[in-house]
Amino acid sequence: MTVAVIRFGGSNCDRDSVQALEHLGIDAEIVWHEDGLPADVSGIMLPGGFSYGDYLRAGAMAARSPIMAEVREAADEGVPVLGVCNGAQVGCESRLTPGVFTTNESARFQCEHVHLRVENADTPWTSAYEEGEVVEFPIAHGEGRYEIDDNRLDELESEDRILFKYCDAEGEVTPESNPNGSKHNVAGIVGERGTVAVMMPHPERASLPDVGPVDGQGVLQGFAE
Ligand SMILES: NC(=O)CC[C@H](N)C(=O)O
């Protein structure tokens, strides 16, 4: 079983992602987007970074790489797909998941640790946690504010497709615990299939014990589910 971590021009979390996955015993390899998807992949990760320098909108150009049609096909067949940070932006820009990630309310690049509340623990990406559990993840983005029209957000809420919300250390979801102005404090969602997920916080940067907190391991273990 090998997870393909797709590298676009400007990806910069691809090696960290492979390292974090391998630490968990999950085989992973970097795949250059122009080479196309290997035939036998058992998972796909869209890593963080600044693909194409975030020109136009973050993720917009990578979303138009031909490999994304292959990713969609694999996702439709049930191959798990996880987009993290720039990968989440690529996931939304390529319509694997609804909504968009746009400029932070602060209009600044923000690099900090945040608390997240697990909203739905019944997905491969969150089954390692309890519903309502508070976890700590790093964020590092300039365009992480989740936007979607109100009706579709209500749908996501009622269909239980929100994985994580930004919260405070006690698990309260408030405007003060929202680092970037995301609607309803949304930090990560699943697509129509629960096997496709995107999130702005970085699980791969919270997975190696030598580096700091390891709350992110549970998300990456989704590939082994
Ligand atoms: N860490 C990242 O993936 C950076 C995300 C993105 N390019 C932004 O700044 O919004």
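The backbone N, Cα and C atoms fix where each Cβ goes, glycine too.
Automatic prediction, not curation, is the source of TrEMBL annotations.
What TrEMBL says about this one:
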ACT_SITE  C85  active site, nucleophile
ACT_SITE  H202  active site
ACT_SITE  E204  active site
REGION    204-225  region 'Disordered'
Neighbourhood of ligand 1 - active-site residues from C85, H202, E204 with Cβ under 6 Å
C85
Around the Cβ of H202 (active site), other Cβ atoms within 10 Å, all chains included, total 24
Contacting positions for the region 'Disordered' (204-225) when only residues 6+ beyond its ends and CB under 8 Å are counted
1, 3, 13, 16-17, 19-21, 23-26, 42-43, 45, 47-48, 80, 82, 84, 113, 123-129, 135-138, 140, 197
What is the number of residues in the region 'Disordered' (204-225) that are helix, strand and coil, as DSSP sees it?
11 helix, 0 strand, 11 coil
I'd like the number of other C-beta atoms within 10 A of the C-beta of E204 (active site), please.
30
Cβ density check for the residue listed as 'active site, nucleophile', other Cβ within 10 Å (all protein chains) comes to 31
For C85 (active site, nucleophile) and H202 (active site), determine the Cα separation and express it in whole Å.
7
C85 (active site, nucleophile) in three-state DSSP notation
coil
